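Below is one structure, written out as structure tokens, with a few remarks after it.
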Amino acid sequence: MGDYLVKALAYDGQVRACAARTTETVGEAPRRHQTWPTASAALGRALTAGSMMGAMLKGDETLTIKIDGGGPIGTILVDSNAKGEVRGYVTNPHVHFELNEHGKLDVARAVGKNGMLTFVKDLGLRDFFTGQVPIISGELGEDFTYYFASSEQVPSSVGVGVLVNPDHTILAAGGFILQLMPGTEEKTIDQIERRLQTIPPVSRMVESGLTPEEILEELLGKGNVKVLETLPVAFVCRCSRERIADALISLGAQEIQDIIDKEGYAEASCHFCNETYHFTKEELKQLKQLADAKKA
């Protein structure tokens, strides 16, 4: 079963819901960035939340999430879009601690609680939509929940989880977002709250083989969920050799000549996917000609 998410309504439209399986997507974190387990869990939770929040967008709209809690992990940055594509990185990938008192990876200690959670949505308008809230727990699920309630005024529950194997690969990852629509009945809220208190962690549900549809049934009850859309989820980076070449051209002919004289080659790495692009002296000379032509 590949990674995917489902968008759904429940309780006759009173609840908007999304659930995702992101095991392979999150698995790109240790593969691309050599993240240690606690860092993998933190970045994986952010990637999972980003994929689900991106799925709430439309068309070519995009979302950037910046998590900076002042902890040893540094900054987590995640980009996502409406197509189920997500990418991300963490400033300090080599962070790992002993399990916390609950027997889980200590994401809160890695992320920290002295900072902000920032969301930037590019909706294709003149200005970006920006929302920012203080980080209240560092576990991220609670922090995303607080963002929805505080910045978007939507009562929500967000759960994200990652299980890491002893060899640092990803065993299971996934998440859910539940949102109450205006006018939701009290009995519906009570039922959901009771279920949230009794269900296993979402990462354990994914590990046991539950699909996103089945996770929503665990959360909301069988027969209450109406799936609206299914969307593949994947780690996809928008970087390319052409984009890096354009960036070099934008430096100008003189700057490119300086690189040729001093280094004889150019090398650039993408923060998001860790892909490295190499340009030989001959290729740089061609880019210099293009920069000259552009200036003319």
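Yeah, the Cβs are placed from backbone N, Cα and C, and that goes for glycine too.
What Swiss-Prot annotates here:
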DISULFID  Cys237-Cys239  disulfide bond
DISULFID  Cys270-Cys273  disulfide bond
Revision key, fill the gap. Expressed in Å to no decimal places, the gap between the Cα atoms of Cys270 (disulfide bond) and Cys237 (disulfide bond) is 9
Check your understanding: What are the non-local neighbours of Cys273 (disulfide bond), defined as same-chain residues 6+ apart in sequence with CB under 8 A from its CB?
Key -> Glu28, Arg32, Arg87, Phe235, Cys237, Cys239
Practice item. Tally every other Cβ atom lying within 10 Å of the Cβ atom of Cys237 (disulfide bond). Key: 19
Study note, to complete from the structure: In all the protein chains shown, the tally of other Cβ atoms within 10 Å of the Cβ of Cys270 (disulfide bond) is 18
